[in-house]
Structure formats: C-alpha cells, structure tokens
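Each remark here refers to the structure printed beneath this line.
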Amino acid sequence: MHNRTKTLGEFIIENQTDFQYSTGELSKLINAIRLAAKVVNHEVNKAGLVDILGDAGDTNIQGEDQKKLDVLANEKFIQTLKNREIVCGIASEEEDDFITINSQDENHNNKYVVLIDPLDGSSNIDVNVSVGTIFSIYRRITPVGTPVQLEDFLQPGNQQVAAGYVVYGTSTMLVYTTGNGVNGFTLNPAIGTFYLSHPNMQFPEDGRIYSVNEGNYVHFHQGVKDYIKYCQKEEGDRPYTSRYIGSLVSDFHRNMIKGGIYMYPKSSVTNNGKLRLLYECNPMAFLAEQAGGLAIGGKSRILDVQPTELHQRIPFFCGSKNMVLKLQEFLDKYH
Ligand code: AFP
C-alpha cells in the first residue's frame, strides 16, 4: 500500500496524545508557530527584491513603511501568538523585556510561555544566505490566570516542553521536538504545506565537521585552541573539515544531518561568547540531546544551567556525541 507522506498538521494531531493530561493547547501553539513561519518565509524569500521595491526605512509602493526583516519577523511571530490567544507570555531576542499577554479575560487561562529568536543570523540576509527562527516553550510556574513573571522565563532548559527552529534555506524546513525525538518538515511552497521529510532525526555519533569562527582563534581559551589543532591534525580520519556559515540554525542543521560540532566559545574579548542562553542555546541543546547529540557550556550541560537574566550569554558547544566528549577532554585539561 502506498504510504502517503504526513503533513505537519496531521503529525501534530496524531502526536497530541503523547502528552499526559493534554488539552490540545500545545498543539494549537505549534500550529500558530507553523503559520507564523509561513508568513516570515514569504517575507524572507522577497528579501532580494528590496532594492527593487524599496530599501528598509523607505516607503513601499502601497505607502507602507519597509521594515527590516528581523523587526518584521519579530512582529509576525508576536502578532500570531497574541491573536490566537494561546500563550500567557512571550520573550523575544528582539525585545528588552518580556511581553505579558493580558489575562483580564477569565477564559484566557493559558499555561505556556514562548521564547523566540525571530530571525537569527539576520546579518546573512543581505547576501542571500540561510537564516532561521528559533523557539522554545515552557509551562509557566506562577499561577495560571495571573500576569506572567520573570521567573516563568528564567527556567533551566531541562524544563522545556518543546523547542524547534525554522530554517529558511534552499528549502524551508521546520524542525521540532516535544521530548519524543526530533522531526523535520519541509515546506512545499507551491501549496504552503509542511510535509514530514525527516522523521526521527539523529546526530551521527561521530562527525567530521567542526564549525567555529576561526577569526577569533587567538582570543580562545587554550582548551579550545588545542581541540581545533586536534581537528586539523593528520591522523586517523583527520583532518576534519571546517564549515561555518555564521547562522546558528543552518550550522546546527547541517551538523545534525552530516555529523559535526558547533562551537561558540568565550574569548578574551567576549567573556561569555555571543550566543544567548534562552533564545539560542537552550532550544538547540534540547534538540541536540533529543537527536542523540550533546550540548555543553564549557563545564556542564547547557540544559542544567539556571538562567539569571533574559538576555544572558553563554559559551556553547554542541553536536555529535563523541566530538563533544572529545572537546570536553581538552577543556577539562585546563580547568
Ligand atoms: P546575527 O543574527 O547578528 O547575524 O547573529 C547570528 C548569531 O547569533 C548566530 O546565528 C551565529 O552562529 C553567530 O551569531 C555568528 O557569530 P559570529 O559572526 O561572531 O561568528
């Protein structure tokens, strides 16, 4: 019998019963993210036309202000989540503070908060290189029906209920986990439907790709420098190959499929690296572990770090299990 490919919508409904006490709220939330992803995808795909239709800051032919894509993506995600009334709070990499969704209406008793990096790697847009959206979902810890508090957002990554990303690449894909493995869906742009194209995604245990901004090499910690030298050494299956897009979602996505390690270490100039614990590292770490990989922040597991502020940065090392373990050996030598 022909096994028809599932759509994301069908997959969400089928897997709703995976959650104990499920009320369908999480499914609705993932559906809203799916919708916002399609809207942002449409905007990202038009990016090359900006010079023809008007630059950011200009007014377009309909008299509307042109917005920078990261600002636009932020607005689209927040609007979609607000309109569907399915979350009680949102924190975004683009906003200084978290957003409280008004709970005056007594029927509006939502229990989830969403943290989002609406358009990561946005400096790549002007040169037609893939960018992504990253999201992370938690159950609030303060009482339902009251305004959300900072503590609802400052939960360690091991409390995530779901996390995922959208990569706007040669194809647009939505990849997510709810703690039962990682599944990837590819958008068919002709009909605007995501199809399950990458079921049960797994990091190969070993890999040959290392991804790091080597321009910062002289500023790295000695353990990281030694590991990079190890990757470059001619021995066994080495030298490894270096691939760095500078767009976390794309670098992660490639490494998960092919096997590799992504590194954004601290350095003598950036004390905690560049990446944000809540918007980038936690969701990617959850996905990595669900796909059989590992994610550490230097000494310890990323998912066990207790956040102290919304925009906190942290060193990040993530990828194929054996590569991360090897790196850890090098880091431990200097601790
Ligand atoms: P932008 O959104 O400013 O382009 O930053 C993207 C990012 O946070 C992440 O996606 C990249 O992996 C990382 O920065 C690249 O940083 P470097 O340019 O310092 O290597």
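Glycine too: its Cβ is placed from the backbone N, Cα and C atoms.
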Of the candidates GLU235, GLU280, GLU289, GLU309, which one does TrEMBL list alongside ASP117, ASP120 as binding Mg(2+) 2? GLU280
From TYR176, TYR240, TYR244, the one annotated by TrEMBL with ASP120, GLY121, SER122, SER123, ASN213, LYS274 for substrate: TYR244
According to TrEMBL, ASP117, LEU119 bind Mg(2+) 1, and the residue from GLU93, GLU94, GLU95 that belongs to that same site is GLU93
Of ASP117, LEU119, GLY121, SER122, TYR244, LYS274, the binding-site residues whose C-beta sits under 6 angstroms from any atom of ligand 1 are GLY121, SER122, LYS274
Around the Mg(2+) 2 site formed by ASP117, ASP120, GLU280, list the extra residues of the same chain whose Cβ is within 8 Å of the site's Cβ centroid. GLU93, GLY121, GLY132, THR133, ILE134, LEU248, VAL249, LEU275, ARG276, TYR279
Rounded to a whole angstrom, what is the C-alpha distance between ASN213 (substrate binding site) and GLU280 (Mg(2+) 2 binding site)? 17
Cβ neighbour count within 10 Å of SER122 (substrate binding site): 19
Report, in whole Å, the straight Cα-to-Cα distance of GLU280 (Mg(2+) 2 binding site) from LEU119 (Mg(2+) 1 binding site). 11
